[in-house]
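Noted in TrEMBL for the protein shown:
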type	residues	note
BINDING	G392, T393, T394, G395, S396, G397, K398, S399	ATP binding site
DOMAIN	375-589	domain 'FtsK'
Amino acid sequence: QKDSQRLVATGEVWRALQSDDLNHKQEIDALLRAADDAQEVPRSPYDHLQQVAQTDAEMTDYSAQAQKKSSLDWNDDEIFDELLAAVPNNKAADIHTPFVENTSAHVHVEHDADGLIEQVEQTIQQASIAPSTPKNMHYAEELDDLTDLLVDDEEPKAQTTIQTTSSYAQSTPFVKAEIQTDLNHKLSKEEFIEAWQETAGRPDDELDEFDFDAPLTDISGRPMSRAMQVAQKRRDLPTLPGFELLDKVDPNKKVNFTAEQLERLSELLEIKLQEFNVKAKVIEAQPGPVVTRFELDLAPGVKASKVTNISRDLARSMSMASVRVVEVIPGKPYIGIEVPNSTREMVRLIELLETPSFKDPAGLLSMAMGKDISGNPVITDLGKAPHMLVAGTTGSGKSVAVNSMILSMLLKYTPDQLRLILIDPKQLELANYNDIPHLLTPVVTDMKDAVSALNWCVNEMERRYKLMSFLKIRKLADYNRKVEEAIANGEDLIDPTWKPSDSATQERAPRLQPLPSIVIVADEFADMIMQVGKKAEEMITRLAQKSRAAGIHLLLATQRPSVDVITGLIKANIPTRVALRVNSKIDSRTILDAGGAEDLLGHGDMLFLGPGKIEPERVHGAFISDDEVNRICDAWRERGDPDYVDEILTPYDEEPTSRGFEDSGEGGSDRDMLYDQCVAFVLETRKASTSSLQRKFSLGYNRAARIIDQMEENGIVSAMGANGKREILV
């Protein structure tokens, strides 16, 4: 029948072609007739093997004859079994190719018997993948269709395209590649065996190995560039790094004091106080991570200052490193005596960040400080502080405290909400934060660049005040809310401070965008003041006085808390202070205006004077390791690249944003940008003094003095008289 499907043992065809018998056509016709006897098409490799076994049984006589006349020196049955065993089960579709005759594309080719056999033999021998198992095929009118069973991976020189469809092909997920043949090259037996071993004989794991070097593709299957891959990875990451990057709390933490130990210690304290003629009774004991506070009710007539004066003697008598006396406990009529614990508990940052007070979205710039003496977390808001001073001697834990404050902000705020300027004179403490997306400029290590950065912050503060004045609001939070509402409603709020000279590419003023808070962290700012003099101090003072509403905040740290560094002007504008262990009571008073920091234990033990507080609170800061800092910084680097502002490190020249003249050989004839305004002010007020120009236009002394001198040269004011005053000449 023309549409019948036949199973042909290709191994038998190979043996027939290798035979010396000239009656090849009869033998091949016998194979085709044997295949026609099969009425069902095998649906699986197992059914194929059964069909092959039946076909081989019918061709036993022929096989024996072919074995005698074959030129091969290896057993045919063994070869057939080896070829079958070499074919992986999951590659059945690659070696069982169904064919359907396409009459429109069928080409009838006439050959004589000898020529046909020779061409078929050449085709089989040159095939890169030798047939080894039976194949399904339709009845063909001529034997030349048998060549269509052969596959060649090379480009065909002459071929006939045959469209293939069958029930078996539709039932299997595998698709056979288009058949290609080349009749001009003849493979030897050794080449045939080698080709077979390189194709059908390969193991599955080698064929199915995944190419890890292959480029990633997008949803359309197109290769993605490196930049696209990085952007895709960043989109898949959470907005903020997780707390799992921090070290976990030790689950085997031990209790410092049991109830029985606290009772015995209370009795000992009462006895020792009695030895110094102080009558008191312990009311309550509050064990904490570092110290335990005993609240005492003094006898009538006993002053708290008396207990304070004997604190060192009390520590000596109790064999303790130090004892701190708290003369006033807010809300209680008692005094407190804090004694160190026998074993100190390590406070981990993750303990503080998981508290509801830190996660409160109402916080402007939440920072984790540590735990108080009762073990409760202490969280402060730098936005309300609005600036902070951290001071402590070497080894007190100052740098660790600053790192924990920075990391707590990095784990809550994105670069759209918070930007940082880090000043590190020692070049070591803050170097790990380089290239995180929160930075406005690389970590500043040159103090001249630090002055430039502070000057940029002053100018940014003035610009923000102009924007808020334009919108008639007073706080940065209100400004951001109004801008976001305008963007949501499709309104255009144009930047009123923009000038065409500000950009060479923009022709129109840009729209207003929400502004992030800016935190300036200066580690060891005393070194900066020593190197660059009063310029840095003046800028720090200006920022401390005015930058709160503009969303710019200072975090200053120093290990030399002397009066020439922490001046009265700085202290007056930075009410929030942290005192770690210092060497003397004088240093403690310089920082806190009160003693007590000299009795701290070091390693993160601090006195924290929060915003609006009268008395400092004892807090033990969280410990943060370098590995934790690196993990969090690496997580932020994966989420984005830094967007640096190049103008920040523009060399500072006294008044770089407004100064309009330079000294020249003729004494500097160019006018200052504010000269005309200063002249108008002098003529209006009829007063010509350097200090008045400084107050009116927020100028430095040198610049104001130059403007007055220029007025004198132009005949507007007179020279300074004996009393130090100038007359107005116009």
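Cβ coordinates are placed from backbone N, Cα and C, and glycine is handled just like the others.
What you are looking at is a predicted structure, and each value in this text was computed from that prediction instead of being measured.
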Problem set entry | Around the Cβ of G392 (ATP binding site), the count of other Cβ atoms that are within 10 Å | 29
Seminar exercise, completed: Excluding G392, T393, T394, G395, S396, G397, K398, S399 themselves, the ATP site's Cβ centre has within 8 Å the residues Q559, L580, R581, G602
For this session: Report the member of T393, S396, S399 (the binding-site residues) whose C-beta atom has the most other C-beta atoms within 10 angstroms.
Result: S396
Exercise. What residues, ordered by sequence, lie under 8 A Cβ-to-Cβ from G395 (ATP binding site) and sit at least six positions away in the same chain?
Worked result: R581, G602, H603
Problem set entry | Distant-in-sequence Cβ neighbours of G397 (ATP binding site), under 8 Å, six or more positions away | L580, G602, H603, G604, D605, M606, G621
Problem set entry | the domain 'FtsK' (375-589) [mean pLDDT, rounded to integer] | 88
Seminar exercise, completed: For T394 (ATP binding site), the nonlocal same-chain Cβ neighbours (under 8 Å, six or more residues apart) come out as Q559
Seminar exercise, completed: Going by C-beta under 8 A and a gap of 6 or more residues, the same-chain neighbours of K398 (ATP binding site) are V390, A391, G392, A557, Q559, L580
